[in-house]
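Student: Take a look at this one; I'll ask things after.
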Amino acid sequence: MKLAEVTSINVNRTKTEMEEFNRVLGGGVVPGSLVLIGGDPGIGKSTLLLQVSTQLSQVGTVLYVSGEESAQQIKLRAERLGDIDSEFYLYAETNMQSVRAEVERIQPDFLIIDSIQTIMSPEISGVQGSVSQVREVTAELMQLAKTNNIAIFIVGHVTKEGTLAGPRMLEHMVDTVLYFEGERHHTFRILRAVKNRFGSTNEIGIFEMQSGGLVEVLNPSQVFLEERLDGATGSSIVVTMEGTRPILAEVQALVTPTMFGNAKRTTTGLDFNRASLIMAVLEKRAGLLLQNQDAYLKSAGGVKLDEPAIDLAVAVAIASSYKDKPTNPQECFVGELGLTGEIRRVNRIEQRINEAAKLGFTKVYAPKNSLNGLKVPDNIQIIGVTTIGEVLKRVFS
């Protein structure tokens, strides 16, 4: 059949009450899709899917299969999270044949498997969670999803290295792979798509873990900045992009003389190698003597910053702590730092500037060659810069 002869169809997505969740999926839940949600144990994967299940049960039939908890334990958690609809079914089982029989009996619109590592197929040798078992169970679930037009969510745990436990093939078999990330000692969680056949992989959803479950963070920039101290040294604001979404975050640095032979460097929420590179550029190109200084760097609020556009803000925070001079609280920074000290262009500069203006910032330092033909609000000043030395002179003069 020729591609031009294929009739296109409009997919009717089912939306949940969580806009952040809908955004990451590409606009809602697609019937017949197989979605894998991975994350560290205890990060909140089950809580997220339980909340989503209670909302989906208002528009269709949900079967929640748990191989880790009893039905009574799930009921206790579900009652804490909200109202439970009559179309929400629980099934505590680890045998895939029994799960398939229950699906044929109830004929749900949505199926939740928590987790893929606990379900086993008696037709395959091997213990629960083994490579062969995970592969076979996932293949059966994919067949169930496509033949019965059921949207299936499966939970997968990740290893110490941050990859999904089980065969790498697992990620290739499913339609969508989502990672649920966050520091266990922080309340914020980020849902990130790394594969999505029905939408973009450039979207994230931000949630806050509270006593009543996960709550959407609709304005993350404001939340991440609300505890910032005015006049504190070693602090700068960056406008980073999480997918297509601009977010303002605080970068903090503490630079102190070392008490040992080798200077100590630690990072939290920032890439260690990138931080080391930035410090080397500051020493070579800006004249900051950092080789005998300990440096402690972090992104406030537990958010992970890993795009090149954060370089300038990290450099300014380090210089602020080293010079013991604060930055202007109404200024923010965007730009990649090259090895020769140049400030390189970044993408989506207009979106970043508009977000900064919306939150009341009056000045943005950005790469000069990114500003051609830019339309910006009247209430914000854009300072085009070309080198790190120029930035430090302007900020701390």
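The backbone N, Cα and C atoms fix where each Cβ goes, glycine too.
No curator has checked TrEMBL annotations; they are predicted automatically.
Reproduced below are the annotations present in TrEMBL:
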- G39, D40, P41, G42, I43, G44, K45, S46: ATP binding site (BINDING)
- 10-158: domain 'RecA family profile 1' (DOMAIN)
- 294-397: region 'Lon-protease-like' (REGION)
- 195-199: motif 'RadA KNRFG motif' (MOTIF)
Student: Would you list the DSSP helix, strand and coil counts for the residues of the domain 'RecA family profile 1' (10-158)?
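Tutor: Secondary-structure composition of the domain 'RecA family profile 1' (10-158): 62 helix, 33 strand, 54 coil.
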Student: Among all the protein chains here, how many other CB atoms are within 10 A of the CB of K45 (ATP binding site)?
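Tutor: Counting Cβ neighbours of K45 (ATP binding site) within 10 Å gives 25.
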Student: Hey, of the binding-site residues listed (G39, P41, G42, G44), which one tops the CB count within 10 A?
Tutor: G39
Student: If you draw a 10 Å sphere around the Cβ of D40 (ATP binding site), how many other Cβ atoms fall inside it, taking every protein chain shown into account?
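Tutor: Cβ-Cβ neighbours of D40 (ATP binding site) within 10 Å number 18.
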Student: By DSSP, how many residues in the region 'Lon-protease-like' (294-397) are helix, how many strand, and how many coil?
Tutor: 41 helix, 26 strand, 37 coil
Student: Starting from the Cβ centroid of G39, D40, P41, G42, I43, G44, K45, S46, the recorded ATP site, name every other residue in that chain with its Cβ within 8 Å, sequence order please.
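Tutor: Those within range, site residues removed, are H157, F180.
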Student: In the motif 'RadA KNRFG motif' (195-199), how many residues does DSSP call helix, how many strand, and how many coil?
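Tutor: Here the numbers are 0 helix, 2 strand, 3 coil.
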